[in-house]
Amino acid sequence: MEEVRVFPLTCAVQNYAWGKLGLDSEVANLMMGGDPVAVVEDRKPYAELWMGAHPKGDAQIKDNRIAQTTLGEWIAHFPACLGSKVKDTFQGQLPFLFKVLSVNTALSIQAHPNRELAARLHAQFPEHYPDNNHKPEMAIALTRFQGLCGFRPAEEILGFLKTVPEFHALVGNEAADELRGSVGNVVHMSQVLKKCFTRMMNCEKKVFVDQLNMLVKRVTEEGAAGKDTSSSNGDLLLHLHSQYPGDIGCFSIYFLNHMLLEPGQAMFLGANEPHAYLYGDCVECMACSDNTVRAGLTPKYIDVNTLCEMLNYSPAPASSKIFPCVQDASDPCVSLYDPPVPDFTVMRIQVPASVKQYTVAPVDSASILLVIEGDAMATSAAALSDITLRRGTVLFISANESVSLHITCPSGMTMFRACCLL
């Protein structure tokens, strides 16, 4: 097996039911651009594009002169391609999985465990938690993107407890009064917030279904009468209920921040951060794990007790959940999304129309480059030949290798690059 250090990839597409259909999906459009002979079915969901070496979706090396090989197999043969620090720190494994998501239907109330909890869950329930790694992740919007993230400020939750009697009925008078009395005491606030959320999530099914049906009926009638339903978060409630009727997760909108990300904005989802993706297209990068604890808005396995016990119950406004990017000091075309975990960093590369020659700089880590917009011819001493880049092309770049781009389109280029900057 010849060691080539820069090559294009054919990546796995996941057709989960919650994905956008046909060419409404950014995943499908990127797939079509990256492989012009690909076929997209109008009524088929295209949910995720997996770019990495995860065993459930290991990318194929896309070069006829190399024997059919997956990226994971390639890295196993040539671990030096990861970079010495990455290879030693992550035992010869690519530490991240890079994705594009196209979300049409809400994607579960969930959180991801830290390493300690992941190891315990994997040992006890390997059928539900398939590895012992943590799974911090970052979502960067490609289109307007909606999600839920983190607990709202107490004042907002108390406001809903006042204006949404059906929500109040699930939390209960005692817990609601305790929450009201804890304002100003950070430690006590977290304890009481946990009590309120846990009480709601553990309600008997008949109780919460009856309250949800009453709430949906009331909001629907108020809307039909031309009344403002924003005090009940009416539009979002009806949207989620239409997708998951009778699901306790519909009430989570009164606890969790409703996030509206513009393209380029991001949210970082560290260990124990409650969240859900609701609608839109995003680039996502995560530690290479499959561990997710879910408790609503999903047909998958639900583990309410673990979720309620593990969560970070620190209330904060939605604005604080937007993760800032910073401009790379050495390259004005690069914006860095550098989270507080060692597993991954994401770069957004925006090359203006006036620039026709651009160099993807070497870093001391293997990286995966995704072309979102633009066309170029890529050359590298580490590649077997020149590589045509277009919308949807995915390129693996070994550590400490550069790639020169001759940009052939009139409008510049937009790319995302995932790597591990230790």
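Backbone N, Cα and C define each Cβ position, glycine as well.
Residues or ranges marked as active site in TrEMBL: ARG294.
Among the features that TrEMBL reports, Zn(2+) binding site is placed at GLN110, HIS112, GLU137, HIS275. In the shown protein chains, 24 other C-beta atoms lie within 10 A of the C-beta of GLN110 (Zn(2+) binding site).
Among the features that TrEMBL reports, domain 'Phosphomannose isomerase type I catalytic' is placed at 6-153. Secondary structure counts, DSSP: the domain 'Phosphomannose isomerase type I catalytic' (6-153) has 39 helix, 45 strand, 64 coil.
Taken as a whole, the domain 'Phosphomannose isomerase type I helical insertion' (170-256) shows an average pLDDT of 96 in this prediction. Look at TrEMBL and you will find 170-256 tagged as domain 'Phosphomannose isomerase type I helical insertion'.
For 336-376, the entry in TrEMBL reads domain 'Phosphomannose isomerase type I C-terminal'.
When the alpha carbons of HIS112 (Zn(2+) binding site) and ARG294 (active site) are compared, the span between them is 9 angstrom.
Other than the site residues GLN110, HIS112, GLU137, HIS275, same-chain residues with C-beta atoms no more than 8 angstroms from the centre of those residues' C-beta atoms, the Zn(2+) site, are ALA111, LYS135, LEU269, GLU273, THR292. For GLU137 (Zn(2+) binding site), the same-chain residues 6+ apart in sequence whose C-beta sits under 8 angstroms from its C-beta are HIS112, PHE268, LEU269, GLU284, CYS285, MET286, ALA287.
All chains included, 22 other C-beta atoms sit within 10 angstroms of the C-beta of HIS275 (Zn(2+) binding site). Reported as a whole number, the C-alpha separation between HIS275 (Zn(2+) binding site) and ARG294 (active site) equals 10 Å. A distance of 4 Å separates the Cα atom of GLN110 (Zn(2+) binding site) from that of ARG294 (active site). In sequence order, SER108, ILE109, GLN110, LYS300, TYR301, ILE302, ASP303, LEU307 are the residues near ARG294 (active site), counting only same-chain partners six or more apart with C-beta under 8 A.
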